[in-house]
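According to Swiss-Prot:
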type	residues	note
REGION	140-179	region 'Disordered'
COMPBIAS	140-171	compositional bias 'Basic and acidic residues'
DOMAIN	364-533	domain 'tr-type G'
REGION	373-380	region 'G1'
BINDING	373-380, 419-423, 473-476	GTP binding site
REGION	398-402	region 'G2'
REGION	419-422	region 'G3'
REGION	473-476	region 'G4'
Amino acid sequence: MPDISLKVLSNEIKISIQELIKELSIIGITKTEDNYINVLEKNILLKHLESKKKYSLDTLVLQRKTRSTLRISTVGGKNKSVQVEVRKKRAYVKNNKFENESFLNEKKVIKHSMQKTSSLKNKEKKYIKNIEKIELNKSDSRSLNTKKENKLKISNKDEQNKKFNQHRESNSFDLNHKKRIKENKDIRISHKEEKQDYHLTTFLHARQAEDENDREVEIDKRNHGRILKNYRQKKNNKNFHNGRYNKEEIRTFNRNKKNSKQKNKPILLQQVFQKPESIINRDVIISNTITVSDLANKMAIKSSEVIKNMMNMGIIGTINHVLDQDTAQLIAEEMGHKVIVHRENALEELIMKDRDTGNDVSAIRAPVVTIMGHVDHGKTSLLDYIRSTKTAFYEAGGITQNIGAYHVKTDLGSITFLDTPGHSAFTAMRSRGVQITDIVILVVAADDGVMPQTIEAIQHAKEANVPVIVAINKIDKTDSDIDKVRNDLMKYNILSEEWGGENIFVSVSAKTGKGINKLLNVILLQAEMLELKAVTTGMAEGIVVESFLDKGRGPIATVLVKKGQLKKGDVILCGFEYGRIKSLRDASGNEVFSAGPSIPVEVLGLSKVPFSGDVVTVVRDEKKAREVASYRKEKSREKKLSNQNRINLENMFDDINKNNVSELKIILKSDIQGSLEAISGALLKLSTEEVKIKIIGLGIGGITETDASLALASNAIILGFNVRADTSAKKIINSEHLDLRYYSVIYDLLDEVKAAMTGLLSPEYKENIIGLAEVRNTFKSPKFGLIAGCMVTEGVIKRSNPIHILRNNIVIYEGELESLRRFKEDVNEIRNGLECGIGIKNYNDIRVGDIIEVFEVREMKRIL
């Protein structure tokens, strides 16, 4: 049969060409609309369509389950029950009368046509063979005309054969059609019978499954019997003496004996372990550090294999050896695994990369100048004169206790000033001020000279590699000595330009204003030499100079912008805190919408009060900023806990002696972050070996009810620095008589804490000798035992006082006077030069020549 086009086939099967092409593609035959299909491809397509029609919408699919329980004996002799479920699926097709008839007719027509084509092909082949034989027998002398005649004859015969076949096909088609009608009737009858016998068939399937299960059980029983029979035969056979086999069989027999109750129960399930043929390469995720055992677990191999590989690479370690990221990566890659390096701060790196850094065009910025020096040397007064304000007048105790950031516009140019405290407790503040500054102005009083905090300021400036300008203040005083200041500073490598050094010295008076303009000129000249520049566009970066909690506005941070533009509405990430900027205020308290480089501003909108010195970064996504902040907080907490739990010999001995140490528990509240850091640091330095300062709570803002409750529970004192307690806290403090103290000057706070620590010190006892008596004779008393007849040689002997007995100037006994008599009369004391009888409690070994030393114990107050 010749090839058929897809259009003809679609008409025959009654399927659209598109669906036909789709079905052909499913079975792996790619065709287009104009293509032809051969007989083999047609047969495959028809089989596919027939199987697809089996599970049509009129198909009923039923599942049958047969359950059985098996008992399996384990290694320990115990039996384990296993549920076995056999599932069987049956499909029942609804017989659609017209569709089935048409489909069967089509199918039979196709079969009939296939049979005809095959018979015709066979006849043609035979006919061609006969012609070839005839032609071979004929001689070569025949002409071409005879060949043409033969060919004409052959063609005539072909036409006759075709006519004959067509007539034959029409007759056979009628017969086949009648047969198909009969077959369809038989199928309908059988389908009805299947529907009637639905319950019967399902029952038969269930019975069949049970029979199969019973057969398996019987086979297992037979096998079990054979094993026992073979064992008995081997046991009786004297020639069989292989020890290894005997032991193994005895072991199996004993096991069977133990489980004799269940020996008839079959074992159908068996677990088989197959060893992997090749090494499986895995994706190994490695963080910053990993132990050898964890690395082995991730690669799904034994730890010994990893250690072997490490030794080959020249790394010696145990199973608990901690590997760094690079080493672990080398080992894993050496063993053929793919390494995925996990960075814990990946989100932080991502958020920092996704920032608009501006056009990278730098512009000249104002210098950041830090004023440093000893306390009361006139730092704030000098700044007040420059700013034309009176800050020092309003400050408690006349001393600065926080970093003040101010932006001053002068006729010569703009300068940002940072005023730092000079007290020794504010070391951290001063060092932080130097880290963010460009120039340091060292203020030294002409009448006072170089002081401890002056030296400390010089050290901070040198560490930060910042140029120092020396301002010699208070030159208006009569006792000022400028040359003495210059000579003192020379010891610390601060030399004036006049003396061949690098530092500029300016004599000023904060009171009269003398030399102030010269100082400003020098600052701007130094800034010009430094060529201070910063990018003025893009997302801002800065540093927290100071932070505090405002009762009405919430957490507030004073931020000095380093580069970019800090705008209202920006999302900022600041240490452990984050937030969206709600408000920006300058040093004068005026609200601004943006701030550029070297401009200090107050930022409102952070989640909590940040730490001074934290870096402020503007980011795009607030959600990611929150995640980074919480991650930083968690890492800091983990680090703190790991340091606390670190055990060594020193800590162990400290814990043993801990009971002998007194603790002064303190809850500290301050107005700003810088003061809080300074006070807590100074308090912890006051701790001694006998009295420890323990700060159980510290924070920024007023004293709350929570602070009062914590003080009550932990028996602590509450210290408030420039803050007050609220109403609810006052109620608890008054009702429970808690110790609450307010301070505005750091000196007073430290002095009172020292006094409280002195009260906690264990008292010191001193022995004061009040009299000496020499033993001249001894005699016995029925009431007191041995009595010493003595002469008082020095001081006064008092009754019931503690005594020492000395023999050859060595203390041999320490006790108490029990009896003191003179001329048979009890007395309370005997003075120098008189004789007396002394009875000593629980001691009878008194000899002539011993000296009795009488003393009294006095309690001495200790000072820190």
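Each residue's number is its place along the chain shown, starting with 1.
In case you wondered, yes, glycine gets a Cβ from its N, Cα and C as well.
DSSP assignment over the region 'G4' (473-476) gives 0 helix, 1 strand, 3 coil.
Secondary structure from DSSP puts LYS379 (GTP binding site) in a helix. Within 10 Å of the C-beta of ILE475 (GTP binding site) there are 19 other C-beta atoms, taking all protein chains into account.
Counting same-chain residues at least six beyond the ends of the region 'G4' (473-476), those with a Cβ under 8 angstroms from any Cβ of the stretch are 377-378, 381-382, 443-448, 482, 507-512, 514-515.
Packing around ASP376 (GTP binding site) is summarised by its Cβ count: 17 other Cβ atoms lie within 10 angstroms of its Cβ, all protein chains included. Counting every protein chain shown, the Cβ of GLY373 (GTP binding site) has 29 other Cβ atoms within 10 Å. Predicted-model confidence for the region 'G4' (473-476) is 83, expressed as mean pLDDT.
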